[in-house]
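Peer 1: The following block contains the structure, expressed as structure tokens.
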Amino acid sequence: MNKVLQLGLQSSVINVAKSLRVGSSIVGVGVGTRSVNKRLMSNATVKSIPFSINNSKGKEVLKIVGAATDQNCHQMGSDSGIAEMGTLQDDQKDIEAMTVQELRATLRKLGLPVKGRKQELISTLRLHMDSNLPDESSVSDQKETTSSTRSDSVMIKRKIRNMEEPTEDDCSNSEAYGIEHGEKRVKQSTEENLKAKVSAKAISKERKSLTKTGKQQIHSKEEASSTISSELLKTEEMISSLSQSEPWTVLAHKKPQKDWKAYNPKTMRPPPLPEGTKCVKVMTWNVNGLRALLKLESFSALQLAQRENFDILCLQETKLQVKDVEEIKKTLIDGYDHSFWSCSVSKLGYSGTAIISRIKPLSVRYGTGLSGSDHDMEGRIVTAEFDSFYLINTYVPNSGDGLKRLSYRIEEWDRTLSNHIKELEKSKPVVLTGDLNCAHEEIDIFNPAGNKRSAGFTIEERQSFGANFLDKGFVDTFRKQHPGVVGYTYWGYRHGGRKTNRGWRLDYFLVSESIAADVHDSYILPDINGSDHCPIGLILKL
């Protein structure tokens with residue numbers, strides 16, 4: 001075999017795994033005829049590119065089927081030799097113009113033999129260009145083969161084994177080392193090209209499948225994203241709707257702590273007591289004018305009683321006069337036959353408290369019992385004695401605009417009421433309820449920072465509340481049951497606070513420490529309208 005063939009075979013298998021692409025064309029080089037041609041590739045996959053390698057005598061023809069590739073194949077390798085070859089492929093004439101020294105320098109970079117005449121060096125370089133077609137066998141080992149591919153492989157291997165020994169003329173300027181290793185590289189190149197053919201077919205098929213799967217996945221992701229967006233929108237709409245219809249379920253506070261939650265009576269109340277458990281259910285409500293409330297078409301005392309089934313109802317700020325009491329009694333619901341009213345006599349149509357009960361109390365008293373006390377002129381206290389406890393219904397005086405009554409409130413009223421409670425507690429536990437006109441802690445008011453000098457949240461009132469009631473053994477039942485819950489009972493009309501749940505907790509059930517463990521539930525009913533306050537309730541096991 002002539003020297004050109006030997007050198008060509010030796011160089012054609014170097015770096016087969018590295019692919020070269022020039023635009024959309026693949027360059028084919030015919031060694032025997034020294035011709036160069038460019039075959040343009042369509043966008044479709046190129047199935048095979050034949051290369052004919054002939055010896056100078058034309059005795060043997062070896063056809064090698066090139067590796068298949070598609071337009072999506074990426075160039076492998078980034079070394080300087082490959083980059084240089086890419087430049088050479090742009091203009092095949094540059095090869096002819098290169099000097100022997102330049103050709104040898106280029107071949108050394110590519111790890112190819114550099115001995116021989118100029119034309120032999122050019123042939124070696126061109127053959128190497130041919131051998132560097134895209135090869136994707138390194139992408140993945142594909143197990144799919146065909147019988148025709150196996151046959152081609154067997155036939156080519158046989159031809160390689162049966163090749164004629166090179167003639168003296170063909171190898172006069174080559175070393176035995178180069179010839180021997182050239183034959184080995186031809187074998188490797190042939191087998192690798194056959195593997196590449198199979199791999200490329202499988203890869204092409206796999207890519208089509210992946211493309212289809214990818215589209216399905218993208219479509220599925222888009223559907224999932226659309227579904228999630230739709231669900232989020234529905235959730236936001238539900239939250240928005242809920243915040244409008246049940247604003248108390250949305251945490252509203254200007255300085256909330258991490259663990260604080262909005263009070264929701266639908267989810268935060270304990271299950272009912274077992275049937276037959278002896279207990280009493282007490283409710284209290286600042287109605288802010290009872291006659292006005294009863295005129296409201298939306299309010300039905302009957303419905304409230306049927307829904308809550310309370311035993312005792314305490315009212316504050318009834319604003320009734322003594323002459324109105326008998327008429328009001330006639331409107332009471334059947335079964336609540338025991339009612340006790342305290343009206344203001346110092347200022348008509350002001351203040352006023354009442355206890356309405358279906359349980360007959362053992363005794364009833366009005367005011368603090370202090371003879372000639374100014375506290376008892378405004379109808380602020382009604383006390384009913386039952387078998388196992390005293391119930392005190394009170395409407396604590398507001399410190400007023402400009403805190404005009406602050407001194408009276410903390411120095412006289414709170415102390416007098418505290419002494420009254422402690423005196424009763426000597427014989428029975430006490431339940432103190434009503435509008436106590438104090439948001440005791442920051443959690444009990446929407447805007448604590450902005451109300452430090454507002455009546456009901458001054459430091460003086462809060463300290464007095466603690467000193468005269470909590471520090472003397474009385475338990476705030478709602479806060480004990482819900483230590484980190486924001487629940488309000490009052491929303492001012494002036495700024496429409498109820499719609500946005502910007503309120504205060506001013507209404508309480510305080511109980512003697514001795515019966516605190518018997519409290520089954522202390523709750524708020526923020527959905528009850530008709531006043532700037534809402535009712536609250538207590539279920540006490542007896």
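Cβ from N, Cα, C; glycine included.
The feature active site is assigned by TrEMBL to Tyr395. Feature annotation from TrEMBL assigns active site, proton donor/acceptor to Asp435. Look at TrEMBL and you will find Asn286, Glu317, Asp435, Asn437, Asp532, His533 tagged as Mg(2+) binding site. According to TrEMBL, the compositional bias 'Basic and acidic residues' annotation covers 183-195. Feature annotation from TrEMBL assigns domain 'SAP' to 95-129. Residues annotated as region 'Disordered' in TrEMBL: 131-153, 183-229. Residues or ranges marked as site 'Transition state stabilizer' in TrEMBL: Asn437. The site 'Interaction with DNA substrate' feature in TrEMBL is assigned to His533.
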Peer 1: Which whole-number value in Å describes the distance between the Cα atoms of Asp532 (Mg(2+) binding site) and Asp435 (active site, proton donor/acceptor)?
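Peer 2: Cα-Cα, rounded: 12 Å.
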Peer 1: Counting only residues 6+ away in sequence within the same chain, which have a CB under 8 Å from the CB of Glu317 (Mg(2+) binding site)?
Peer 2: Asn286, Val287, Asn288, Gly289, Ser351, Gly352, Tyr395, Asp435
Peer 1: Specify the count of other C-beta atoms within 10 Å of the C-beta of the residue listed as 'active site'.
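Peer 2: Around the Cβ of the residue listed as 'active site', 25 other Cβ atoms lie within 10 Å.
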Peer 1: I'd like the Cβ neighbour count for Asn437 (Mg(2+) binding site), meaning other Cβ atoms within 10 Å of its Cβ, all protein chains included.
Peer 2: 24
Peer 1: Sorted by position, what residues of the same chain at least six away from His533 (Mg(2+) binding site) have a C-beta under 8 A from it?
Peer 2: Trp285, Asn286, Val287, Asn288, Asp435, Thr489, Tyr490, Leu506, Asp507
Peer 1: Which numbers of helix, strand and coil residues does DSSP report for the domain 'SAP' (95-129)?
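Peer 2: So the counts come to 25 helix, 0 strand, 10 coil.
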Peer 1: Looking only at the domain 'SAP' (95-129), what is the mean pLDDT?
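Peer 2: Over the domain 'SAP' (95-129), the predicted model scores a mean pLDDT of 83.
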